[in-house]
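**Q** My questions all concern the structure below.
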Amino acid sequence: MILFELVDYEILRVIWWLLLGVLLTGFALTDGFDMGVGALLPFVAKTDLERRVVINTVGPVWEGNQVWFILGGGAIFAAWPPLYAVSFSGFYLAMFVVLAAFIVRPVAFKYRSKREDTRWRSSWDWALFAGGTVPALLFGVAVGNVLLGVPFYFNDMLMPFYEGSFVTKFIGLLRPFALVAGVVSFGMLLMHGAAWLCVKTEGVIAARARRIGTYAGLTAMGAYALAGLWLAFGIDGYVFVGEVVTDGPSNPLYSDVSRSASWLTAYAERPWIAVAPVMGFLGMGLAIRGLNRGGEVSALLFSKLGITGVVSSVGLTMFPFILPSTVDPNSSLTVWDSSSSHMTLFIMLICTVIFMPLILAYTAWVYKVLWGKVTEEEVRANSHSVY
Amino acid sequence: MELDVVELSRLQFAMTAMYHFLFVPLTLGLSIIVAIMETVYVMTGRPIWRQMTKFWGTLFGINFVLGVATGITMEFQFGMNWAYYSHYVGDIFGAPLAIEGLMAFFLEATFVGLFFFGWDKLTRLQHLVVAWLVAIGSNFSALWILIANGWMQHPVGAEFNPDTMRMEMTSFFDVLFNEVAQAKFVHTVSAGYVTASFFVLGVSAWYLLKGRHIELAKRSITIAASFGLAASLSVVLLGDESGYAASHTQRMKLAAIEAMWETHDAPAPFTVVGFPDQDARETHFAVEIPWVMGLIGTRSLTEEIPGINELVAQSEENIRRGIIAYDALMTIQAERENTPEVARTVFEETKEDLGYGFLLLRYLDDPREATDAQIVKAAWDTVPTVWPLFWAFRIMVGLGVMFIAVMGFFFYRSSFKGQSYPRWALWAAVAIIPTPWIAAEMGWFVAEYGRQPWTVEGILPTAMSVSHLSVADLLITLTGFIAFYTVLFIIEMGLMLKYIRKGPYLDVAETEAWQARHEHRLRTHDGRGPFAPAGASAASALDTPPNATPAE
């Protein structure tokens, strides 16, 4: 027996589906507050010193946080190559916009305070605002589109094709339901950023963050409820037709898929998954309460809980579908037919088992070293070395 | 197959990758140089070394952030622009990219923040460890990226699976210890060390010329020259190793680089200069050195290096076998449930050449209907355009030799001539700051352009690898990237120059106070040097002022 066959192909696929969720959640929890802080920047901080305080709350950590995004890309490439190929090229222009945001953001963090010039600094502040807002919104829009299905199909050589011109491919992403999903993610990450600022700042900045964070959280909760109702009554789901082979070759065309009444039938089949949306509502609700009542760490922790609930609810609702196709349901990507080979999944799992605990350990250590509030005095005292 | 989308995708990839590699080499080398400087600081406790660490660290940071930012494009561009490539080889190629994130990028990115923000929050030793972790993380990144790239040059440890219509990994070990990848890794990081050494050398030389920051500049030159000399030797040596690997893994690339049209009797001569003529298939005005090519390429006197004409004839055979493989694959696909045994057998025998069959897709939809003329045309497509490779390679090698000479000179002056440097040499050091970047870009050009028409050598043609996009899509993103990257480049250069002009500005008072004590001590010891045994204990007491705390 060969080593990698120690773990069944089917189980490896489920593990990698879970790890995909872990990576997306990790990204939302860590880089999520960086994006939220960026989007909040012009509103919670008015003077240059206030803005520097806000920026320096994430200054030492955004770089590590952003790796969740990059690792997410790499892991999708390694574990779900068809998903990587279809989604990144299918959302081409949207991806470009997200890339632009993720390129401008690091530069803005690093370069903003390297010159005294007011115009220079305010330009970078807006870059940080855009760099936080645009991806926070577009990630939700992307998830909304995944739930709706995307117009792609494969030919016999498994080359992916997309219907629609380049304009409709971009504008077409901005469908009403997808925009609601965008509001969920944007509101959620604003709330998360606000909760972070409450932990890391004090005084007027924290007070503004509490107010905006409360409204953002309430909006996210409302949009999340609306999206749930919409899914229940207005959007078709997808199901397998006939026998489901869970350890066969990764060829999406080998399975038969059709539209179903609703994604939410999953809750009838697997009632336990209701724990995810409950966690989402509960977490966001308690985070809002924490923001209102002066909780600091509690608000941040509940915000994390809420985000984890919302992200997992999408995955659990769709399982085993990952990216359904509207024009050719058989081309839909699922957990059972769009993974890497048995061997690659196994090797990648070994690497993850070795390195993920290390990453979590040293990230935790870095956060511990940097624990404590960022103050105006501190920024003033280290004016030359901080952002 | 729209040629325009292919050409534009290639252009965009080349542009974004070469732009990314303006920042990467400096990150690779400067991270180590900074860590070396901090090591000296921690070992001696002398503030000048902390000031050097912080000063070069600031420049490192300005550069590092753009390397990170433009690297994101690289990680996502495969999926965006090379969707079929991503599907076809993601099973192998994706793994090193993901491991790079797990093992290397997380490390450098998590600790780089602490490097800049942690001076007051960490002990000296902790901060030193952080600096080294950043350096190690950066260099490990390069390892995994080059394992991925090495696989595109020399795809080992994988085979085609007709059920999933893609290449799948058969041996992770082979992918990891791919000889091309290993040689490339050391060659590339060495190039980064050379780049950073020339950067530090040039900037320091400028300070000496201006009479500013003398102490910082002299010490920096010493580090840069020693590190740079070792790196220059290594980059040339491992470049030779890469060339040797190419002689049995990518023979067409080697033949094109050398403009070797005909197979020459062993040992073949090396063409120093000449004018390759693709249409006439010969090199005009070639100046040759006998034997050298054969010795470098094969490390023997008897082995022949095949010329382009011979390799094209081999490609033609490969294409014919590729057509048989393609035919068998179509049979397997059409009758998946009960494939005739013979089709499976034929496919197993010929699948290595399937990629050559795909080369015909440029000319017709079904390779099985190809005419002899089309096959010959496709075989000639396996020859990359020779002259740019020929010249790019020679510029790179010429610069490599120059690097050794320059670094050797500065090493000699710094070690044996009491750190005295003639002004002309200092001016030269300033002037040649850009040359390592030119050499590095030439190197990548040779590696990637020389692999054409393949994205994965012998497996997947470039023309087939692209996404289903429109020309308009590509024009929007290409224009966007050019505009965006140009602005970022101008801003980066502006900041870099500003901070170089500004010079070291942190810990100034403390460093100057130490400087005064240090000079005083050198005088009182009659120039016997700081390590003179008689005053050793007194010297160390002077080094650390009584009120200094260990965790400053």
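Heads up, residue numbers simply count up from 1 along the chain you see.
Note that Cβ sites are derived from N, Cα and C of the backbone, with glycine treated the same way.
TrEMBL annotations: computationally assigned, not manually curated.
Sharing the record's features from TrEMBL:
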| type | residues | note |
| --- | --- | --- |
| TRANSMEM | A:15-45 | transmembrane segment |
| TRANSMEM | A:90-108 | transmembrane segment |
| TRANSMEM | A:128-154 | transmembrane segment |
| TRANSMEM | A:174-199 | transmembrane segment |
| TRANSMEM | A:211-233 | transmembrane segment |
| TRANSMEM | A:271-288 | transmembrane segment |
| TRANSMEM | A:300-323 | transmembrane segment |
| TRANSMEM | A:343-367 | transmembrane segment |
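Let's see these features in context: how buried, what's close, how far.
**A** Among residues of the same chain six or more beyond the transmembrane segment (A:15-45), those with a C-beta under 8 A of the stretch's C-beta atoms are 7, 51, 53-55, 57-58, 61-62, 64-66, 68-69, 71-72, 75-76, 79-80, 105, 125-126, 128-129, 131-133, 135-136, 186, 188-197, 205, 208-209, 212, 304, 307-308, 311-312, 315, 319-320, 322, 335, 339-340, 345, 348-349, 352.
Listed by sequence, the residues of this chain that lie at least six past the ends of the transmembrane segment (A:90-108) yet keep a Cβ under 8 A from its Cβ atoms are 34, 38, 62-63, 66, 69, 124-125, 127-128, 130-132, 134-135, 138-139, 141-142, 145, 150, 152, 160, 162, 166, 169-170, 173.
Within the chain carrying the transmembrane segment (A:128-154), a Cβ under 8 angstroms from the stretch's Cβ atoms is held by residues 32, 34-42, 55, 86-87, 90-91, 94, 97-98, 100-102, 104-105, 108-109, 112, 160-164, 173-175, 177-186, 189-190, 193, 227, 231, 235, 238, 252-253, 263, 314, 317-318, 322-328, 331-332, all 6 or more beyond its ends.
Distant neighbours of the transmembrane segment (A:174-199): 28-29, 32-40, 44, 54, 57-58, 132-133, 136-145, 147-148, 205-206, 209-210, 212-214, 216-221, 223-224, 226-227, 230, 234-235, 284, 287-288, 290-291, 295-297, 299-300, 302-304, 306-307, 310, 373; these residues of the same chain sit at least 6 beyond its ends, with a Cβ under 8 Å from one of its Cβ atoms.
Counting residues 6+ beyond its ends, the transmembrane segment (A:300-323) has Cβ neighbours under 8 Å at 17, 20-21, 24-25, 28-29, 32, 80, 83, 86-87, 143, 146-147, 150, 184, 188-189, 191-192, 195-196, 198-199, 217, 224, 231, 237-238, 240, 244, 263-264, 266-267, 270, 273, 276-287, 289-290, 332-336, 338 in the same chain.
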